[in-house]
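Chemist: Supplied in structure tokens, the structure appears directly below.
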Amino acid sequence: MTKLGFLRLSYEKQDTLLKLLILSMAAVLSFSTRLFAVLRFESVIHEFDPYFNYRTTRFLAEEGFYKFHNWFDDRAWYPLGRIIGGTIYPGLMITSAAIYHVLHFFHITIDIRNVCVFLAPLFSSFTTIVTYHLTKELKDAGAGLLAAAMIAVVPGYISRSVAGSYDNEGIAIFCMLLTYYMWIKAVKTGSIYWAAKCALAYFYMVSSWGGYVFLINLIPLHVLVLMLTGRFSHRIYVAYCTVYCLGTILSMQISFVGFQPVLSSEHMAAFGVFGLCQIHAFVDYLRSKLNPQQFEVLFRSVISLVGFVLLTIGALLMLTGKISPWTGRFYSLLDPSYAKNNIPIIASVSEHQPTTWSSYYFDLQLLVFMFPVGLYYCFSNLSDARIFIIMYGVTSMYFSAVMVRLMLVLAPVMCILSGIGVSQVLSTYMKNLDISRQDKKSKKQQDSTYPIKNEVASGMILVMAFFLITYTFHSTWVTSEAYSSPSIVLSARGGDGSRIIFDDFREAYYWLRHNTPEDAKVMSWWDYGYQITAMANRTILVDNNTWNNTHISRVGQAMASTEEKAYEIMRELDVSYVLVIFGGLTGYSSDDINKFLWMVRIGGSTDTGKHIKEHDYYTPTGEFRVDREGSPVLLNCLMYKMCYYRFGQVYTEAKRPLGYDRVRNAEIGNKDFELDVLEEAYTTEHWLVRIYKVKDLDNRGLSRT
């Protein structure tokens with residue numbers, strides 16, 4: 001007996017050790033696969049928004065939380081400025097600053113920039129661990145390990161968590177899955193302890209990302225479905241009431257959120273379900289005290305009265321403005337055409353565009369096919385927790401189709417349900433595999449179809465193993481080629497296969513920092529505002545915060561106008577330098593000419609820009625062209641002239657004419673012109689960034705020198 005007990009304990013230890021080893025390998029893989037950019041380039045911040053996050057984190061680490069919370073940034077949105085503490089989700093910055101100070105406390109000296117660069121890969125490892133525990137609650141440890149391995153390399157999540165991608169989503173996905181895990185534990189146990197931990201995880205989520213609104217609507221929806229399916233119980237009541245009350249109070253401590261949880265339409269579903277919980281509990285109490293006839297009469301009366309009162313109060317609050325309406329971004333989730341028709345500034349952001357079919361396969365690959373299998377398993381074995389994951393999967397699938405950015409929210413549930421699906425398929429077919437010769441003989445005697453079953457099972461397991469291997473290779477390739485290139489440092493392959501580096505952005509920002517006055521104001525399109533402020537340390541007019549559409553529209557009007565009209569706007573805004581991005585020489589397609597129509601649309605969306613009409617920039621046949629057939633309005637606007645100044649004297653390709661644009665594949669139509677109100681200040685090595693100085697009026701204000 002003692003020997004058998006020892007063997008059993010030893011097996012359990014081996015099982016635990018094996019699980020720990022696999023999970024640790026998945027976590028290490030999750031971290032290491034996100035380091036391509038650091039190995040290929042250097043430790044550098046990516047994209048645009050991360051530069052603002054890095055700048056604010058550096059300020060927090062150096063100056064402390066009090067100054068950070070009360071920081072008024074006079075470098076942004078000139079002449080308006082921006083209050084930082086009350087307009088951001090501080091969770092990301094506080095997390096990085098805390099890690100930075102803890103490491104320095106133990107005399108591990110690391111620059112705050114490197115903390116920011118490696119934070120997202122670190123939290124992706126934590127996400128792997130949370131995914132394991134969450135999936136384990138839904139099925140078993142095997143499914144959890146598969147889901148953890150899948151989320152470690154899934155491109156849909158890697159796209160926002162590579163080293164250098166210092167954005168809110170880098171830690172928010174971990175916070176979201178942690179909240180879901182705590183919620184499922186609270187639902188299963190009905191424990192205030194787990195519900196309180198869920199509320200704390202939700203608070204961390206709120207402090208980190210505006211996407212918390214998805215979470216605070218999904219959990220109430222789960223409770224509502226449990227009510228409708230007759231699964232509502234004391235456990236659900238305790239869990240939801242604790243999470244809602246404590247979570248709402250905690251979330252209101254974030255300055256940027258404030259009273260929104262009790263005043264905005266996005267949060268009213270959670271409040272409504274909280275009220276329904278009280279009504280449901282009260283009805284259950286009445287049912288226990290009254291006979292069926294009395295209860296039915298009272299129930300109908302109470303429901304009718306409560307429904308009428310709630311609708312009346314809700315309508316009055318909406319009409320009086322006490323409850324704010326849905327914001328443009330949320331309207332665009334329900335109606336994908338809303339932003340395009342009403343708010344061009346939202347529609348102009350590439351990550352707000354609808355998702356293409358190819359993006360699903362590109363970002364998810366095998367998961368697209370295994371997701372329905374996991375969904376089927378959950379439907380076949382319904383429980384409170386599985387109903388939640390079904391709803392998470394279905395709702396995130398819809399929202400990801402509306403907005404490509406929300407592929408990030410879909411990727412984790414794809415991994416969870418695919419892990420469940422693969423685990424179920426493998427466990428089903430592995431039951432038919434023979435383990436020993438004795439088992440094989442007995443099975444042959446009992447089942448004449450055994451050999452066929454054995455071969456089919458072996459084939460299915462091999463096929464599944466092949467698909468999992470191809471998923472790994474695909475994910476690694478996508479990570480390396482598509483998601484590990486920092487936008488601030490570009491690269492291309494030369495004719496001999498060598499890598500060519502285009503470091504024009506940092507070159508331009510370095511020039512601005514050292515060759516312009518400290519108080520110089522730089523006008524550019526809003527995409528580059530955060531980078532200019534963080535790297536050049538110069539005042540900008542607009543940036544990626546896009547909180548003031550009128551101000552952005554004014555910049556768009558300047559870009560879309562003639563030099564004379566643009567000069568009036570630039571003098572009005574006290575502009576010293578103008579910066580544009582031009583890819584005609586190198587073939588960089590994300591330049592300002594390709595973004596120009598959005599400048600026209602946004603510029604013409606306000607009263608001061610009513611004279612700017614989009615159709616004026618097209619040819620009579622409705623084409624947007626930069627060659628001789630192009631619209632005269634386009635060929636003479638400020639943006640065109642700044643991009644193509646002196647370009648008509650340049651050869652870009654062999655056997656092509658002077659001034660051949662490699663992005664638009666056309667010879668430019670307006671070559672021989674001079675600038676009247678601007679003078680070229682600096683053009684980078686590959687012409688990617690061009691900086692112009694605004695000429696001053698003479699003393700009498702009559703002519704420019």
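First residue shown is number 1, and so on along the chain.
Glycine is no exception: its Cβ is also placed from the backbone N, Cα and C atoms.
Since the structure is predicted, the reported quantities are computational estimates derived from the model, not experimental observations.
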Chemist: Are LEU17 and ILE581 on the same side of the membrane in Swiss-Prot?
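Modeler: Membrane side for LEU17 and ILE581, as annotated in Swiss-Prot: different.
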Chemist: ASP167, GLU169 bind Mn(2+) according to Swiss-Prot; which of ASP15, ASP49, ASP73, ASP284 goes with them?
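Modeler: Of ASP15, ASP49, ASP73, ASP284, ASP49 joins ASP167, GLU169 in the Mn(2+) site that Swiss-Prot records.
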Chemist: Which stretch does Swiss-Prot mark as motif 'SVSE motif', out of 124-127, 348-351, 492-495, 684-687?
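Modeler: When 124-127, 348-351, 492-495, 684-687 are checked in Swiss-Prot, motif 'SVSE motif' belongs to 348-351.
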Chemist: Between the Cα atoms of ASN548 (N-linked glycosylation site) and TYR530 (dolichyl diphosphooligosaccharide binding site), find the distance and write it as a whole number of Å.
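Modeler: Computed Cα spacing between ASN548 (N-linked glycosylation site) and TYR530 (dolichyl diphosphooligosaccharide binding site) is 15 Å.
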Chemist: Identify all same-chain residues not among ASP49, ASP167, GLU169 whose C-beta atom falls within 8 angstroms of the centroid of the Mn(2+) site's C-beta atoms; report them in sequence order.
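Modeler: Neighbours within 8 Å of the Cβ centroid, excluding ASP49, ASP167, GLU169: GLU47, PRO50, ASN53, ARG160, SER165, TYR166, ASN168, GLY170.
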Chemist: Which sequence positions outside the topological domain 'Cytoplasmic' (229-233), separated from its termini by at least 6 residues, show Cβ-Cβ distances below 8 Å to it?
Modeler: 190, 223, 280, 384, 387
Chemist: Going by C-alpha distance, which of the recorded positions ASP167, GLU169, ASN537, ASN544 is nearest to TYR530 (dolichyl diphosphooligosaccharide binding site)?
Modeler: ASN544
Chemist: Cα distance, ASP49 (Mn(2+) binding site) to ASN544 (N-linked glycosylation site), nearest Å?
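Modeler: Checking the Cα atoms of ASN544 (N-linked glycosylation site) and ASP49 (Mn(2+) binding site) gives a distance of 7 Å.
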Chemist: Pull the DSSP breakdown for the topological domain 'Lumenal' (207-211) and write it out as helix, strand, coil residue counts.
Modeler: 2 helix, 0 strand, 3 coil
